[in-house]
Amino acid sequence: MMEIQMDEGGGVVVYQDDYCSGSVMSERVSGLAGSIYREFERLIHCYDEEVVKELMPLVVNVLENLDSVLSENQEHEVELELLREDNEQLLTQYEREKALRRQAEEKFIEFEDALEQEKKELQIQVEHYEFQTRQLELKAKNYADQISRLEERESEMKKEYNALHQRHTEMIQTYVEHIERSKMQQVGGNSQTESSLPGRRKERPTSLNVFPLADGTVRAQIGGKLVPAGDHWHLSDLGQLQSSSSYQCPQDEMSESGQSSAAATPSTTGTKSNTPTSSVPSAAVTPLNESLQPLGDYGVGSKNSKRAREKRDSRNMEVQVTQEMRNVSIGMGSSDEWSDVQDIIDSTPELDMCPETRLDRTGSSPTQGIVNKAFGINTDSLYHELSTAGSEVIGDVDEGADLLGEFSVRDDFFGMGKEVGNLLLENSQLLETKNALNVVKNDLIAKVDQLSGEQEVLRGELEAAKQAKVKLENRIKELEEELKRVKSEAIIARREPKEEAEDVSSYLCTESDKIPMAQRRRFTRVEMARVLMERNQYKERLMELQEAVRWTEMIRASREHPSVQEKKKSTIWQFFSRLFSSSSSPPPAKRPYPSVNIHYKSPTTAGFSQRRNHAMCPISAGSRPLEFFPDDDCTSSARREQKREQYRQVREHVRNDDGRLQACGWSLPAKYKQLSPNGGQEDTRMKNVPVPVYCRPLVEKDPTMKLWCAAGVNLSGWRPNEDDAGNGVKPAPGRDPLTCDREGDGEPKSAHTSPEKKKAKELPEMDATSSRVWILTSTLTTSKVVIIDANQPGTVVDQFTVCNAHVLCISSIPAASDSDYPPGEMFLDSDVNPEDPGADGVLAGITLVGCATRCNVPRSNCSSRGDTPVLDKGQGEVATIANGKVNPSQSTEEATEATEVPDPGPSEPETATLRPGPLTEHVFTDPAPTPSSGPQPGSENGPEPDSSSTRPEPEPSGDPTGAGSSAAPTMWLGAQNGWLYVHSAVANWKKCLHSIKLKDSVLSLVHVKGRVLVALADGTLAIFHRGEDGQWDLSNYHLMDLGHPHHSIRCMAVVYDRVWCGYKNKVHVIQPKTMQIEKSFDAHPRRESQVRQLAWIGDGVWVSIRLDSTLRLYHAHTHQHLQDVDIEPYVSKMLGTGKLGFSFVRITALLVAGSRLWVGTGNGVVISIPLTETVVLHRGQLLGLRANKTSPTSGEGARPGGIIHVYGDDSSDRAASSFIPYCSMAQAQLCFHGHRDAVKFFVSVPGNVLATLNGSVLDSPAEGPGPAAPASEVEGQKLRNVLVLSGGEGYIDFRIGDGEDDETEEGAGDMSQVKPVLSKAERSHIIVWQVSYTPE
């Protein structure tokens, strides 16, 4: 019975029940009725019809009711199945809605915080604007006050100007009247001169041109030495003239003239003039340096001060006129003329300025000359010139002194003009002083206004600071209360382990007692969020532990109380059996099977403490899912018998599996015999079954060695030198002869002519991937690399020690290629100085970390690769660098072991000077260095050849092919202590080319086009790139943060040119070139789940979740969820639900190889699922499913895992030619060869191993004749051979037990003589399968 339903996602759910139809049920009832009818016939034949006459209707009624009840029961069971599916979907929907609600609440909280922050910012802006408004109002008020003061000053100046103008008018009138009086007095004295000289010109004589007008010429000549015509006396300077002057004015006249000059100076400030009035006349207020002003400047000043001239005081003007007239009179030379002049002066009181002092007319010495300080000249020179000119000149002057004439006014005005010009100059200087003082005053007023405004601003800021202080105090109180509440919640959350709760409470009490409340640290919002996040993480871990404990208890209960595997009889049969049986006693109870005490360890408890400290959960080396505890009352033989009985139950369950085909150690579905009618096609299908070709412990001598990880060597893009084949150098132990044959394909045939190597050479893609496999193992003290050839897995090629810590991951990196990203793009646009010891930058959330120098080949010695470096701060001994290259003498040294201490040699001081400095970020150095282990025996003189190795030749002294450079293929190893090691994959394997200490444990490594992405346990990605010379540059790398440091990046996978990273329950899709996260999506609805494995092929990526048995398929481009496959029902069906804990299935290894999906579980079970072709969908409806070999919807009975969830892909019609790796559990194949513990890894390498290699084939080809086809037939069909290796602890054959029975001891052969059987079964085993497939 098949039903098809549409689920909510638009997909199709196909159901197929295993119940019999209604017709089958009726046949059962009819058979029962027939038997009852025959029994009634016998009764009637023996007795009579009356015996069964009343019984017959009752029996018929009972049978009819039985039929109806059976049919109803079947319907109820179908409905129950549908309701269960609906319940699962509703639970999924509920989880999704719950997650969405949680996200909505988180977004609401974020929006609320953002709005509150924005509100605070707006409030701050409003306060700032109010403060600016108050400041502008204050400035406007100050400007209004300044305008009012300026207007008042303007009105005062207008009044002063009017007063000066009126005074100037009066002065001119007085001056005109004075001139007229003077002219009238001189009319009588000049009449005789006019009569004696009638022909004299009425114009001014030319001899007086030495006295120019009031333009400052004479004044400009004061500063130098003036030599008049016919004068032998020299004027040195103004000081000499002043000192030699014998003419002194009275004290009162000088005071009067000083007061007049002060009165003529306008002063708006109300202060007294600084003009000295004690010893000099009014003209003495002019300083000496200003009195020596040039002629041009004085002329310009005279023109500009025209208005100032009009404001002169009339009294001062009268004094100047009197002085002018006197000075003119003094200059006469003869005694007769001097007497006339003296009479005029005596008759005019206004001209007699100094009545007490008379000049000595006989004195002609310059020492007796008069210094006219009003004009600043020596009057003696004027007198001497006038005396030498003669009396005619005086007559001409008197004759031309006509008030109404043109020249008379000019002659008489000469002295007055000089005095007026002097006063104008003084006035202009005083005006300039006044203007300067006004400017200073205005500046002071503006400064006062500014200071008052700043005072108001500071007052406002002080008020705002006080308010903010009050708010912060309130906030501090609130935070203290919240801190108390959070601490109490933290104590409650940590109260599960009582000791931890006591420690926390005591710690909190002591800390709170020591630090006062006012000095305690104030929590920010980020710190509170971190505290809440840690609390949630503790809750998640608690839930995981509870889940693991619950599983453990369930499994323990199933071990201690095994269910009886017999079919119970119905109550009706029991009723009839009691009715018709001869005896009424019940049958004896069947003896239950002997049980054994089996304790199943939780997968999370093994390394929980390490995961708590290092953010990772490594599987403990000594943990096994099954531990047998001995009973005190049982002997060893009894326990062995119980164990054999337990495995016999598993064997019976495996052999009694109906409809299954066993071939080559695999349990195959019955479809392989039913699909094709002809046998040839069936044989072709059977050839694709993986054939186990090898199963042995990895190293026979060391039983304590545990496997961790492995990787095949990728040699793509690397070619040795052409002269390597003919140079006569034997290949090193690290050089694989198979690789040499493949790489020299176009050269003559090599000396190695084994059939395996010939076949490997003929394959087209064998040059890209070698058959060598590097396997990481560890003991209690060290980690080692074991190199094997998959074609000869029993032979160890080489092994060497890496470090003292566990190596968690390994990856093969190909050689440098032209398709790699350019190394310059790694730095983007950042200006990073390569020589700067602290060069680091942040590029869009990406931190650039650099070392001290960008050394092209920073090869550190192996001694720095222990748990901690030997030298301080991670500075190991490096090769000598000369001109940017490594010294060849240093590069050819023998490689030492990982834990060897370097022997100091004579070149130690030279290398010590060239050591690179420590990393720029101190988090990369070990804060507490511990001494590394001492030198190991046999490691000082180079690598000691292993006893199991078949190539004991020493290593060559040089590397002619350049394989020792990191530009060739390399192997990258990541350790638990954070060290990253780079070794060559082609030669000199033991030598470490590069090493670097990272912040946390290295969990995964991938390579994409010249970029190596390293996943760390603190949630960050370290991205490395090559240098300009093609070698890897570990000194400069980028750190990309994906989340909180409490969660680790568990796995990574390369999908085309992108990298998928598993972080918590999310998958981040990263572009390595731009170092940006392109897409993030949830792989599981529960946040506490973790993505553990990723496997990519075609357009699909398979994802596994921790503690989950369901595989999820996602589209590589659209990231759409395509399919779910649950392997737990399949494993339970194949191995039994209660046998050996196989009902608890967790996926620990995942690989896509040979067109198959390989799944390894935590119980050591290996499952191989063939991949199917693309599902063709149209509008979300299933139109067809074309399988590679079979169809999951074919008419086969219901199988575990047959319920396939197929989700619609809208873009599938656009990419119809792409391959999406769907798979169906109806085609799943389970291998009977497994491990005792979890499957640690799967590795796929090309190779072709003959089925009869040393009896290593686990299952005879007779069990499955298909895989033993001749090689020519395989090559004729263009099949591709691949070897798949699995590694794990111990070995179990589920058909015969875990290898401790007698059959295993007999099959072991000579191996049973080396170690006891029990220890051999617990050693680390590798199992190798060969798969032949046709590539799509």
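Here the Cβ of each residue, glycine as well, is placed from N, Cα and C on the backbone.
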Among Ser365, Ser585, Ser1260, which is the one flagged in Swiss-Prot as phosphoserine?
Ser365
In Swiss-Prot, the member of Ser305, Ser364, Ser609, Ser637 to which phosphoserine is assigned:
Ser364
According to Swiss-Prot, which listed range is region 'Leucine zipper-like domain (LZ)': 423-458, 819-854, 1107-1142?
423-458
Looking only at the domain 'RH1' (12-100), what are its DSSP counts of helix, strand and coil residues?
76 helix, 5 strand, 8 coil
Counting by DSSP secondary structure, give me helix, strand and coil numbers for the region 'Leucine zipper-like domain (LZ)' (423-458).
36 helix, 0 strand, 0 coil
